[in-house]
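What follows is one structure encoded as structure tokens, with my remarks underneath.
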Ligand code: AVJ
Ligand code: FE
């Protein structure tokens with residue numbers, strides 16, 4: 001990837017802020033300050049937290065400037081108050097939060113103007129600014145998930161995703177051999193994506209496409225939710241406790257399944273990747289199908305390994321940044337695209353839609369790569385290593401292009417499904 005210059009960095013900051021504004025201007029005061037689910041913060045918390053993170057890193061640390069609002073740091077420290085407790089805090093109201101973000105942004109852009117990008121490791125390749133762009137975009141995806149949990153009519157709209165013109169089915173063989181996982185060179189890669197290291201991977205088969213609603217309905221129709229044979233012991237216990245019978249946001253009317261999406265009720269589309277399933281559901285489906293989930297090593301090899309050169313690419317299609325022809329990213333569409341919608345985004349071996357559409361659960365636990373170094377703060381990745389988390393890969397329709405790449409790693413608790421999560425299956429060769 002070419003190193004972004006100051007104009008490119010400023011443009012990314014501005015683009016992220018436009019998304020934040022769109023998501024928070026779409027609703028009134030009440031919907032900004034209310035909690036739509038105990039799993040989520042009030043939108044106005046995410047809003048001011050984005051500004052506070054930018055103040056901490058760009059204004060105070062990089063810029064060495066005086067604090068704007070040191071008095072509110074504790075309110076927006078994600079480790080100080082659980083999401084469910086945040087509505088009771090004396091948070092900035094929406095108008096104050098918007099003013100705060102604008103003030104911080106003014107200063108951050110001034111810092112960007114004056115700073116030398118080779119001054120310290122934190123600034124190399126504009127990393128500190130890239131980290132803040134990605135942080136804002138991550139919260140924009142979180143806010144989109146909050147929108148999905150909000151009751152009431154639609155306030156967001158977007159054109160439908162492109163049609164699934166290409167027939168994509170079956171499995172792709174990824175031959176045995178070493179490949180380079182992670183990166184040392186991507187200027188905006190986060191600490192958990194580093195360092196690059198060679199992994200020897202046995203041959204495996206991976207689905208050419210994510211599991212679709214049609215596939216998943218076969219599991220539902222086969223009473224897969226009621227059969228403990230397909231579930232891990234923990235998964236089965238959770239299935240019973242939570243009363244799981246279908247993906248989140250689905251409901252049945254007679255014989256027909258519908259989902260509620262951003263305030264609209266629609267019949268479930270058969271050719272779309274399934275979304276809003278937890279790890280345990282993905283695991284049960286894979287077992288029922290006679291398969292398993294890929295490890296994150298397998299996922300990344302399928303996404304990055306170029307059989308011709310042996311090199312690891314930045315994306316399945318190469319090193320070019322994601323365009324609308326490659327992947328369903330950036331909230332351009334408010335749904336996963338049908339399978340076959342992105343032939344130009346396929347990997348050299350023919351694995352489709354690895355980037356965008358739905359986050360894909362892997363079977364891997366969340367840990368640091370060999371030689372991991374905290375950079376620049378432990379609370380992003382390291383404090384979660386070894387916890388009850390599974391790795392997700394590839395980003396969703398709600399993820400911005402700046403916040404995902406072939407090396408990007410996400411993680412969440414296996415029971416979570418308010419995120420835009422789906423999966424594909426894999427298989428070992430006998
Ligand atoms: C990487 C998505 C797990 O949202 O919890 C945002 C990203 N970290 N602010 C999260 C993050 C701090 C993180 N995930
Ligand atoms: Fe955050």
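Just so you know, glycine gets a Cβ as well, placed from its N, Cα and C.
According to TrEMBL, the domain 'DinB-like' annotation covers 13-143.
Sequence-distant neighbours of residue 135 (Fe cation binding site): residues of the same chain at least 6 apart with a C-beta under 8 Å from its C-beta are 50, 53, 54. Mapped onto three states, the DSSP output places residue 135 (Fe cation binding site) in helix. For 49, 135, 139, the entry in TrEMBL reads Fe cation binding site.
For 83, 84, 85, 86, 412, 416, the entry in TrEMBL reads gamma-L-glutamyl-L-cysteine binding site. Around residue 412 (gamma-L-glutamyl-L-cysteine binding site), the same-chain residues six or more apart in sequence whose CB sits under 8 Å from its CB are 389, 390, 392, 419, 421, listed in sequence order.
Per TrEMBL, domain 'Sulfatase-modifying factor enzyme-like' is recorded for 169-427. Averaged across the domain 'Sulfatase-modifying factor enzyme-like' (169-427), the predicted model reaches a pLDDT of 98.
What TrEMBL records for 310-330 is region 'Disordered'. Helix, strand and coil counts from DSSP across the region 'Disordered' (310-330) read 0 helix, 3 strand, 18 coil.
In sequence order, 38, 39, 40, 41 are the residues of the chain that are 6 or more apart from residue 83 (gamma-L-glutamyl-L-cysteine binding site) and have a CB within less than 8 Å of its CB. Put simply, 86 is the one of the binding-site residues 84, 85, 86, 416 whose Cα lies nearest to the Cα of residue 49 (Fe cation binding site). Cβ neighbour count for residue 86 (gamma-L-glutamyl-L-cysteine binding site) (all protein chains, 10 Å cutoff from its Cβ): 21. Within 10 Å of the C-beta of residue 139 (Fe cation binding site) there are 24 other C-beta atoms, taking all protein chains into account.
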